[in-house]
Amino acid sequence: MSESEKRFPLNAQDYVLYEEVGEGVSATVYRALCVPVDEIVAIKVLDLEKCNNDLDGIRREVQTMTLINHPNLLRAHCSFTSGHNLWVVMPYMAGGSCLHIMKSAFPEGLEEPVIATLLHEVLKSLVYLHDHGHIHRDVKAGNILVDSSGAVKLADFGVSACMFDTGDRQRSRNTFVGTPCWMAPEVMQQLHGYDFKADIWSFGITALELAHGHAPFSKYPPMKVLLMTLQNAPPGLDYERDRRFSKSFKELVAACLVKDPKKRPSSEKLLKHHFFKHARSVDYLSRTILEGLSPLGDRFRTIKAKEADFLVQNKALYGDKEQLSQQGYIRGISSWNFNLEDLKNQAALIQDYDISNIEESSVSGKLSDRHDEDGFPAENPSPEIVDQAEAAPHFQDVLDDNNNMEDSLAAFPIKSLQALKGCFDVCDDDEATASPTLKVFLQPDTEQQPRIQSPRKDEGQEAGRSDIENLGEGISQSRQVSCLQRNFLSGSLAQDYAPSPEKGLNDADRDHLQRRYQPQRNFSGPLQYHLKKDTFNCASVEDAPEGAVIQQGGRFKLTSADLSPEDISNAPLNASNWGYGGSVSPSSPSIAAASFLPSLQYIFQQNIMQKEEISKLIKCVEQLSVSTTESGKGGNNDPSQIPTAYGERELQSQLIQLQQSVGRLVEELQRQKMKNVQLEKKLNS
Ligand SMILES: Nc1ncnc2c1ncn2[C@@H]1O[C@H](COP(=O)(O)OP(=O)(O)OP(=O)(O)O)[C@@H](O)[C@H]1O
């Protein structure tokens, strides 16, 4: 019987669920047997009751999955409801996702011919989707599935959108959706909406993910990922570090990761890139990446156990909710319930200097000759060169931009993804929903319980968790993940963090945690930010080496090396009172003291500047008075004899103005002094 002739039943009784093979934010995926057809399938089970206002989104996902027809896209055989669950029956992809494959066997990433083959297959699916007006919006290794023969299919249309949408649906393309590390800058920025070029960016990030085993910035909390994506030069393959990869691969990545979406190639054009000459057959994939892998269910259980272990290790750090949310982040789930307050909190904890210290390779300056050829047929220009250079922001700009972080965030139309999903439309309208081609059958009255069963022995796979409770448990877990508000980098945890040397934490995990908490181990971090935001609204960077910028804002820049001891002793504040020059002891009261340091430094510099201004003004006034006196000494009191350029009245009015501004500056100086005194008092107390 050919695939198209097979009729997959719309009744849960006709399926036997085996082990769990995947878990997303909204669903659990099982390997299953379709009894009448005698075929192993995958069934994605979504609890509709727990999806709240997301039903529309789910309906569209299923609709897309049923209507699409391309060998590289995961198409649903059928879907139906069973009790309060929606079952989506699809081909079983025994290799699992590329993410799972890498986690199990290639933690450092895949070989280039494998990457070329995988990306080639994915790109063909994108060409099809884009041709049909769809943006996938969630291209990543976790959504690239491989079957037992090595065939590659792009999955998960949960957040896809249609370019032809209008009205509210069109506006959904202005929403913040996807997974942060893979998200294109224009999707984050929310300025002009975005189009299918957003998928090209995610495709480029996926290429890096396959090359390194993880996406760029994946170790950072989402807020920081946003910042880095927006403010740093696009990530790329490094000439030195990624020596094992070819020039054409580097060029392909660079072509996709251009910040200006207009300068990114279309999927069709990208398909002609000479990198894909390295692509091989899918047999090659099955030989190279699938051979020797244990069954998907086993791998999934192992990965899940590792994650659980990792979370148990860190229970002290997170509340239960945060644990689950963290788990979601580790897995790279698609759906982020971005919460404005959380984002702001995260922004508040980001240390400016961290941004300049990104370990991920930034393209700028490293691939100087990577644009010699652009990897496309000769007629294609390579506009990315200029763009990449422009994209690398000056450190000053980064700092200035950080000052506006709160404003930028306020401008983000951030909603919970659950609420957003209702807007994630595919290119249907209500009539299309009733189209005869649509095989979505809702049977709200059926109250069938799914049969979950251990696999039959002849299938040679070990049974996974296989009772009805497992189903419920799996679903409730995914629900928990989706409903959580993320609260990363809660400052209060910083002091408590003591990594356990015990079981289960691999290097990557440890590294992840260390990075996550690095800013907090720096005791003055969070307070520093609040002070500079609330009190002075200027950027300051502390804990900087000698000569590093200690205050930078507007157009002036002062480094710690610029401050002479004389300046300090002349300062309106007694320097010794506020421990300038590292006299702050590391005991706990000095944590507060240290946190005042940048503020005091700021006031101190303000005072110096004002002093300079006053001296200049005084000099100016003196000169004017001298010239007036000299004119007077000339013995000529006749007003007509006063130099024409300076009439006496003009001089007098200038003098008055100058006196007024001196007065204002003196007042300002007094105010600053008062502030200093208050801060000093606080400091002493
Ligand atoms: N047909 C399939 N065959 C094998 N495994 C599958 C199949 N479909 C999905 N999976 C596995 O289940 C996981 C979750 O599925 P899916 O991505 O569809 O759920 P989701 O809730 O939309 O997830 P996400 O968090 O990415 O939005 C996938 O990452 C994959 O590992």
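Keep in mind that glycine also has a Cβ here, set from the backbone N, Cα and C atoms.
Heads up, TrEMBL stuff is auto-annotated, nobody curated it.
Feature annotations, courtesy of TrEMBL:
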type	residues	note
DOMAIN	15-276	domain 'Protein kinase'
BINDING	Lys44	ATP binding site
REGION	364-383	region 'Disordered'
REGION	440-464	region 'Disordered'
COMPBIAS	455-464	compositional bias 'Basic and acidic residues'
COILED	648-682	coiled coil
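Within 10 Å of the C-beta atom of the residue listed as 'ATP binding site' sit 25 other C-beta atoms, taking all shown protein chains into account. Per-residue pLDDT, averaged over the coiled coil (648-682), rounds to 82.
The DSSP secondary structure for the residue listed as 'ATP binding site' is strand.
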